[in-house]
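As written in Swiss-Prot, here are the features:
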REGION    76-87  region 'Sufficient for PI(4)P binding'
REGION    80-83  region 'Sufficient for binding to the extracellular domain of PRK2'
REGION    88-115  region 'Sufficient for PI(3)P binding'
SIGNAL    1-23  signal peptide
Amino acid sequence: MDFIILLIAILALSSTPITIISGSVTNHTYSTTNSYTNVALSARKVVFPPPRQLGKDNSDDDDLICKTCKRLSEHRTCCFNYFCVDLFTNRFNCGSCGLVCIVGTRCCGGICVDIKKDNGNCGKCNNVCSPGQNCSFGLCVSA
């Protein structure tokens, strides 16, 4: 019990943000809840909505982010939950804002493809199987 009281006292005096790994991120200024807790994440970086500052109207910042996103490339990027995402590679915004690839597919060039079967994206995006080969379980094998 003394250890818990000591830990709470140290955390209360600390100015370092505290991260709680349970689907939520919490610190002294920001608070948000991860709405994608049921999604299996790969080792690739996944774009999530940024934390929102409590008690502050962020509309000016949000507008700036979306305008900057459109300036980068109106046809390749999208402002999704106030975050600029790449429509050619983002699984949650593949080809257009909000179009989510189903489990087992990957966003390659703005199209959701099954990299285990697709001859033009075998095992990874843009990995084309040679003529006479088929994509089987993500590997190019002789037909």
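One-based numbering along the chain as shown.
Using the three backbone atoms N, Cα and C, a Cβ is placed for every residue, glycine included.
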Confidence summary for the region 'Sufficient for PI(3)P binding' (88-115), mean pLDDT rounded: 92
Within the region 'Sufficient for binding to the extracellular domain of PRK2' (80-83), residues counted as helix, strand or coil by DSSP: 0 helix, 2 strand, 2 coil
Three-state composition of the region 'Sufficient for PI(3)P binding' (88-115), taking helix and strand from DSSP: 0 helix, 6 strand, 22 coil
